[in-house]
Amino acid sequence: MANTSVLAVSLPMTPITAMFGPHVAFNAFLTLALAVTGVSWYFVLSRQFVASRLAAWVGALFATFAPSMISHAGGHPNIVSQFLVPLIIWRTLALRAPGRAARNGLLLAGLLVWQAFINLEILFMTAVGLGIFCTVMAISRRRRRPGEITSFLRGLGVAAAVTLAVLAYPLCVQFFGPQSYHGLPEFVRYFGADLGSFTAYAQRSVAGNSVTAGRLAQNAAEENAFFGWGLVILFFGLVTWMRRNVAIVTLAGVALFFGAMSLGPRIRLNGVDTGVPGLWSLLHSVPVLNSAVPTRWALAIAPIVAIILALGCQRASDLMRSQPAARGPVRVAMITAVAMALVPLAPTPLRTTPMDPVPAFVTSGAWKQYVDDQHTLVALPLPDSSYPDPLRWSAYTGQQMRIASAYALLPNQNPLDPTDRSALFAPPWRPTSGLMASIKQGNPIPEITETRREMTLADLRYWKAGVVVLTPQVRDIEMLRTMTELLGFRPTWTGGAWIWNVRNLVDAEKVEQ
């Protein structure tokens, strides 16, 4: 669960993965995630919030294709899989119905458990938002509808009891089991949304560009705000117009709260650190919260904006119906305002890059001569977030080909500080993996000494290497020369890759012992 395995989706899609491979399954997952999220939002908005189909579609389309959703669609299908969020909102609000505590509680519990096995981060933010909203609404309605609170709490008790019973073991494994980590790396916990990004445009929006967006976000997959001036003005305009509705004002307050949380421990404005501490500075070291990426709190603003957009369009529709003489001006004003706010945010196609083919060394099965239950394949450089190709090779073999290293969230294993179990995005650093990564990045090759050769041999034994593989890529000649000098023998060209058979070197330690 901590490594975004998305069990609630990946398990049902196992037949597709087995038949067509992970690439087809991933693209099907991503496409369906967005499509089903849009349908889900339309279903809930049209049946629970607004009567106008057009209003429901406006809200649903924005909730699905908001800049933050398109940003994460580049590689985080677990985050864009928000099709359960509107259903959770609907069933939470339904808890107030009298006499149906068990039924409504069980329905909500089922949705919560399902979402927990898709993405806990989205579930947590949804719970926080609903908690604030329901508390404020309960206080404001306690005299007019006193029975609602009792019914709500009964249903919530059923939902909480069932959800905790089902998730108790999975959560214990996630937070306290083998390979569990306690908090994200320090630099990630400072990932805050730039204050200037709220009125800017994302690079995948029609009005956006990569230069501006790149200055205001940590990377292309974390453009979590980027609403543009038009939508910001429309949002506050709609809230002001419907300010007598307590629910609208409360939703706006929750959106502002999420915005404040997303700024991170230190507020940045247009790429400059202001030195002003943010609200998150009080919370980013709290257990569990230290595993959250603060900028992602802005993700939760888009659904709120979508609901207010739908309610605003419904209000305009009601006004046109009640005042026929004003129908023309109201229609023009609403269409113009919505178009000016949303058209610049319209998404452009996601950028794609052709993948390098899986080397014949892998596809032909030649790797089986070197890799078995006791040996792994060591790729140069070792796989990480910037070079995931070896993970794809392993997937091609159905993960039968064991490889060293990976791109995953794993606990720190610093021998100088055994108590530090903060997360790393790769296995612990080793001298050889660091050297190859440095060469790949364009840094000079250091002098190859006997000490370095001994460290390389120790690393290969640590990885239980059977073969070292280098495919044609940027700075491959530099890596080839370095590894050849470290090992003391030249590789052979086999199946589109240079390979060093190191089984004898690695196994020599066993013989000596």
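Every residue number used here counts from 1 along the chain in the order it is shown.
Every residue gets a Cβ built from N, Cα and C, even glycine.
Here TrEMBL flags 25-310 as domain 'DUF6311'.
Long-range contacts of the transmembrane segment (20-43) within its own chain (CB-CB distance under 8 A, at least 6 residues past either end) are made by residues 6, 9-10, 13, 56-57, 59-61, 63-65, 69, 73, 77, 80-87, 303, 306, 392, 395-396. Annotated transmembrane segment per TrEMBL: 20-43 (among others), in sequence order.
Under the heading transmembrane segment, TrEMBL lists 50-70 (among others).
Here TrEMBL flags 123-140 (among others) as transmembrane segment. Beyond the ends of the transmembrane segment (123-140), by six or more residues, the same chain brings 85, 88-89, 92-93, 112, 115-116, 148-149, 152, 246-247, 250-251, 253-254, 257-258, 292, 296-297, 299-300, 304 to within a C-beta distance below 8 angstroms of the stretch.
According to TrEMBL, the transmembrane segment annotation covers 152-176 (among others). Listed as Cβ neighbours of the transmembrane segment (152-176) (distance under 8 Å, sequence separation of 6 or more from its ends, same chain) are residues 1-2, 94-97, 100-102, 104-106, 108-109, 112-113, 116-117, 134, 138, 182, 288.
Remote same-chain partners of the transmembrane segment (225-241), defined as residues 6 or more beyond its termini with a Cβ less than 8 Å from a stretch Cβ, comprise 67-68, 71, 193-194, 197-202, 205, 207-208, 213, 216-217, 248-249, 252, 255, 259, 262, 295, 298, 301, 305, 308-309, 311-312, 315, 337-338, 340-342, 344-345. What TrEMBL records for 225-241 (among others) is transmembrane segment.
Here TrEMBL flags 246-264 (among others) as transmembrane segment. Listed by sequence, the residues of this chain that lie at least six past the ends of the transmembrane segment (246-264) yet keep a Cβ under 8 A from its Cβ atoms are 125, 129, 132-133, 136-137, 140, 190-193, 195, 198, 224-225, 235-236, 238-239, 278-280, 283-284, 294-298, 300-301, 304-305, 307-308, 311.
Sequence annotations record features per position, and here TrEMBL assigns transmembrane segment to 297-316 (among others).
According to TrEMBL, the transmembrane segment annotation covers 328-346 (among others). When Cβ-Cβ distances below 8 Å are used as the criterion, the transmembrane segment (328-346) is approached by residues 58, 62, 65-67, 201-202, 205-207, 227-228, 230-231, 233-234, 237, 309, 312-313, 316, 319-320 of the same chain, each at least six residues removed from its ends.
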